[in-house]
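Colleague: Pasting in a structure now, in structure tokens, and then I'll have a few things to ask.
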Amino acid sequence: MAASYILLLSALLALAASPAMAGDPSALQDLCVADNTSDDMAASYVLLLAALLALASSPTMARDPGALQDFCVADNTSDVFVNGFVCKDPKLVKAEDFFFSGLDEPRDTTNKVGSNPRDTANKVGSNVTLLNASRIPGLNTLGISMARVDYAPFGLNPPHIHPRATEIQTVLEGSLYVGFVTSNPDNRLVTKVVRKGDVFVFPQGLIHFQFNLGAKPAVAVSGLSSQNPGVITIANSVFGSKPAISDDILAKAFQVDKKIIDLIQAHF
Ligand SMILES: *[C@@H]1O[C@H](CO)[C@@H](O)[C@H](O)[C@H]1NC(C)=O
Ligand SMILES: *[C@@H]1O[C@H](CO)[C@@H](O)[C@H](O)[C@H]1NC(C)=O
Ligand SMILES: *[C@@H]1O[C@H](CO)[C@@H](O)[C@H](O)[C@H]1NC(C)=O
Ligand SMILES: *[C@@H]1O[C@H](CO)[C@@H](O)[C@H](O)[C@H]1NC(C)=O
């Protein structure tokens, strides 16, 4: 009951704060498929849905659901599925739940092949260390995460999307050629060369990339507006899906011969 009351309260509060009622609740993962056989969850889901609906439609709210208490540290061992993670018993929460160490250590960008042939991340010369709610359980419900990106000399963080987050990035070492592309129909490329101390923003859901312009390694740190921003690397998703998208489909989509599609698919 307590949880339901908190959710009801949050729904009402959010409704009161929301000038308009439109939009679906923000997802905290790729999928959260309804389990309509669960008695227990039904009431909470409806209330959570209402709270998230109201939060999503409120322009002043952060995108992830707001915390309803000081913290809701992720209990990722729970077999109850909610949007995000269920909270740990607050009495069992420790400082380590809010802590990560070693973000200062350079990551490996040199292994050109990688142990997994499908893992193309370091073939292009970059390595992303993402601190989401899986790595720092204390981030659960707080709507924020962080990443360190290492770039090999002339390394690329290839075109990708964060489906659930805007990214704000600062360069710690080196200089990067960065950019994003706006949505249809304009598809306008917005780019800039950013150097140590510069900051650049990649709006949520837009395709973006960073390329190291230097002959030395570069490093950047990003803040992301979701506890679980998600990453869709365009080439890997389109040409490396499991199972593969048919080369007939991709040949038509990219308006090239199927042989060219097969050649690209072989790299992912
Ligand atoms: C629950 O899901 C089943 C299968 O998808 C569907 O047939 C049924 O109508 C659903 N019941 C409710 C109450 O939504
Ligand atoms: C990133 O760096 C870590 C630590 O150096 C390494 O274990 C990992 O394999 C690297 N990942 C990629 C994709 O290169
Ligand atoms: C957090 O990021 C890691 C690495 O990118 C990913 O494997 C994991 O699934 C993410 N956490 C969640 C809850 O999706
Ligand atoms: C669960 O938490 C542990 C320890 O913090 C972490 O190693 C693991 O990757 C997490 N799993 C998920 C699915 O988030």
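Numbers here mean position along the shown chain, with the first residue as 1.
Including glycine, each Cβ sits where the backbone N, Cα and C put it.
Sharing the feature lines straight out of TrEMBL:
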- Asn157, His162, Glu167: oxalate binding site (BINDING)
- His160, His162, Glu167, His208: Mn(2+) binding site (BINDING)
- Cys72-Cys87: disulfide bond (DISULFID)
- 128-262: domain 'Cupin type-1' (DOMAIN)
- 1-22: signal peptide (SIGNAL)
Colleague: For His162 (oxalate binding site), what is the secondary structure by DSSP, using just helix, strand and coil?
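Modeller: In the DSSP reduction, His162 (oxalate binding site) maps to coil.
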Colleague: For oxalate, what surrounds Asn157, His162, Glu167 with a Cβ no more than 8 Å from their Cβ centroid?
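Modeller: In sequence order, the nearby non-listed residues are Val128, Ala147, His160, Ile161, Ala165, Gln169, Phe202, His208, Ser222, Leu224, Pro229, Val231.
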Colleague: Which one of these binding-site residues has the most other Cβ atoms within 10 Å of its own Cβ: His160, His162, His208?
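Modeller: Its Cβ has the most other Cβ atoms within 10 Å: His162.
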Colleague: How many other Cβ atoms sit within 10 Å of the Cβ of Glu167 (oxalate binding site)?
Modeller: 21
Colleague: Restricting the comparison to the binding-site residues Asn157, His160, His162, which residue's C-alpha is spatially nearest the C-alpha of Cys87 (disulfide bond)?
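Modeller: Spatially nearest to Cys87 (disulfide bond) by Cα position is His162.
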Colleague: If you average per-residue pLDDT over the domain 'Cupin type-1' (128-262), what number do you get?
Modeller: 96
